[in-house]
Amino acid sequence: MIETDRLIAPSTQGTQEEALECALRPKVLDEYVGQEKARGQLEIFINAARGRSEALDHVLLFGPPGLGKTTLAHIIAKEMGVNMRQTSGPVLERAGDLAALLTNLEPNDVLFIDEIHRLSPVVEEILYPAMEDYRLDIMIGEGPAARSVRLDLPPFTLVGATTRAGMLTNPLRDRFGIVSRLEFYTADELARIVHRSAGLLEVAIQQEGALEIARRSRGTPRIANRLLRRVRDYAQVKSDGVVSADIADAALKMLDVDKLGFDVMDRKLLLAVLEKFDGGPVGLDNLAAAIGEERDTIEDVLEPYLIQQGYLMRTPRGRIATQQAYQHFGLAIPGKIGTGELWQQ
C-alpha cells in the first residue's frame, strides 16, 4: 500500500491537489485559522522586523504533514512584503544549487526549504555561513589550483520546514532564531477551515456538515479540504448540493471513513491485533504478515495516528490494543486490560 493511495493520507496527492491547495491557502495571518501560539509569535516577530526594515530571523517550522507549514512560509513573505523562493532538501544536491538560489535573493527575501532535514552534508555546510553572516564561501577549481571565493549576500530569511525535527543536525537547528511546532487542529478549528474553503469553492454547507467533516479529518486541514471536495461531489449527485450533517455522514461512510477518521487500513490493523492476537502484545513481523503489509508501512504510515489517538500502544513486547480500541469496535474488554498487567511488562 502506498500512503498517497489513502483518502486520509496527510501528504499531498498530485499536482492537481497542490494547485487547489494553493487556491485555498490563506494569504495573511488574519486569515490563518488555528496554531494560536505559533501565529501569535510570528505576528510579533514580523511586525518588529518590518518596523526596523530588517530581515526576519530564520524560522524553523516542524510538525506532522498537512498542518500548514508551507502556508505559513508564504504568509511570512507576504506579511514582510518580500519575494519568496521555494525549494526542498532533496532537490539541493550540490553546493552550486544552493549558491544559485542565494545569490539571486533580494534584500530581506524569504528562502523556503521544505524537507530541510534531507539536505546533504555538503549543502548544509555551505548554508551555515550564509545563515549566520550572510556570506557564501565557494570553491573554484580543483586540486592544487582550487581556491576559495567569498561572496557577500543580502540579508535574507531562511524558512525551513520538516516533519522530522529530530533528524536535523544540532549546528543547523541552532542557527534558527524562531522555532515553531505546529500541532494537530481541533474539530472547531477544522470546521472553520472547511467553512472558509467551502466559500471559496462555492459549496453550500451547514455548520453541522462542516463539523462532521472536521471530526473525521484527523486534525489535519489538508485532509479536511480533501474530504470536503468528495462530500461536495456526493451532495451534488445524491442531494440538492447542500452539505448537511446527514449528507456528510453518508458520503464519508461510502468512502469508508468512520467517525474517528479511520479508514479500511486502520480498522484492518486494529482488528488484527484485537481478534487474531487477543489484543496483543504482538510483534511487528507477525502483525505485518497478518495484514499483508510491510513493516515500514505499519511503522511510518498506519501506527502513528492510532498511537497518538490512544488506540494502540508500542511496548517492548509488541503492539497492544487499548481499551478504546475494544470500545470502538464494540468488543468485550478482557480483564487483563484493566489490571495494568500489560503495561508493566
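Cβ atoms are placed via backbone N, Cα and C, with glycine included.
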For the ATP site, Swiss-Prot lists Leu24, Arg25, Gly66, Lys69, Thr70, Thr71, Glu132, Asp133, Tyr134, Tyr185, Arg222; sort out which one of Arg173, Arg175, Arg232 goes with them.
Arg175
Let me know the model's mean pLDDT on the region 'Small ATPAse domain (RuvB-S)' (186-256).
95
In the chain carrying Leu24 (ATP binding site), residues 6 or more apart in sequence that have Cβ under 8 angstroms from it:
Arg196, Ser197, Leu200, Leu201, Asn225
In sequence order, what residues of the same chain, 6+ apart, have a Cβ less than 8 Å from the Cβ of Arg314 (DNA binding site)?
Glu303, Ile307
If you count Cβ atoms within 10 Å of the Cβ of Thr70 (ATP binding site), leaving out that atom itself, what do you get?
20
Can you see whether DSSP assigns Tyr185 (ATP binding site) to helix, strand or coil?
coil
Using a 10 Å cut-off on CB atoms, tell me which of the binding-site residues Gly66, Glu132, Tyr185 is the least crowded.
Glu132
